[in-house]
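A single structure is presented below for examination.
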């Protein structure tokens, strides 16, 4: 085949099919405080419905939502003692999945047992373990603590969530390697970008500068002040991101821990959750620190809504066409695949250590020229998707 024939070939998109299977691993359902109120809570996840409740002993439990008697929804019932009572016939289920009592019956049938989900409470967050093979969670896959949680020098979590429809949760995981989208979607300018995948973790190390043409987007005034981000996925759906800055006002850009997590609802929908805690600047009272955290969370919300706007309108693509300055998308997806196969089918290349650093030289030259041109012309990098993202973030926060 000649070069002309090759150049005339049209690249087609392979949209593939989202997996029907849900990822094995720990998934964060939200904050403990939001579930520990003595009421049942319904969570739609993993293609089914769950009920989360805390009994009189304060222990949080997660069961299948539908009663094994006649299918009543336990999330519509009530907590009685250390059981969840079905609203249909008052069958009462313990956190271990056994039916403890049927008030109108002489005895409880021996087979009266429902599915219970392994849970963990870490850094004020509630996790459930999902495994299609039914295995117990291995100790080496435990979710790590956020080191500053509970530290009086830091705020508590400011937490938000978005239901994303029409997309598989692989879309958000792809962002781990996507350096360029931080410039075009989030109005940052990455100066250093590196990935490390090993075992069940995937890490992104990024250093970036604010864009001087991002008028109305960035609050930065010192455009040489570097932002730093060390972000790691622990398993398929839970990321801890440490964010800090050099040469900035600690009140406007404090040290931050950001949680970026999600759980699948269906093969084409998921609930995206994100939380922030900030270090209280010296001399700043707790109330003001909470206001700072709220402001940071609002900025984070806009950033995630920018991503959602892209996902809502893009095609699924299993064969992305990449250039040299793109990140290791295929290697990341190979790492991600380990959570969708049986444990015995995990291949060494899915979990072996892999490192990749993007050469940012060409990108920075191009981006700086674009920024300089916009500044000289008095143009802003402000884009329509930012307006939509701000409106969505405002609606999510109820403001």
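Each Cβ is built from the backbone N, Cα and C atoms, and glycine gets one as well.
The following feature annotations were taken from Swiss-Prot:
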DOMAIN    26-128  domain 'Rieske'
BINDING   67, 69, 86, 89  [2Fe-2S] cluster binding site
BINDING   175, 181, 186, 307  Fe cation binding site
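Could you tell me the structural context for the features on the list?
Note: residue 89 ([2Fe-2S] cluster binding site) has non-local neighbours 67, 69, 70, 72, 102, 104, i.e. same-chain residues 6+ apart with C-beta under 8 A of its own C-beta.
Using a 10 Å Cβ-Cβ cutoff, residue 186 (Fe cation binding site) registers 21 neighbours.
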Find the average pLDDT over the domain 'Rieske' (26-128) in the predicted model and report it.
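Result for the domain 'Rieske' (26-128): average pLDDT 98.
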With DSSP as the reference, give the number of residues of the domain 'Rieske' (26-128) in helix, strand and coil.
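Once the DSSP states are binned, the domain 'Rieske' (26-128) shows 7 helix, 48 strand, 48 coil.
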What count of other C-beta atoms do you get within 10 angstroms of the C-beta of residue 69 ([2Fe-2S] cluster binding site), across all chains shown?
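Excluding its own Cβ, the number within 10 Å is 17.
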Would you count the other C-beta atoms found within 10 angstroms of the C-beta of residue 175 (Fe cation binding site) for me?
20
Restricting the comparison to the binding-site residues 175, 181, 186, 307, which residue's C-alpha is spatially nearest the C-alpha of residue 86 ([2Fe-2S] cluster binding site)?
307
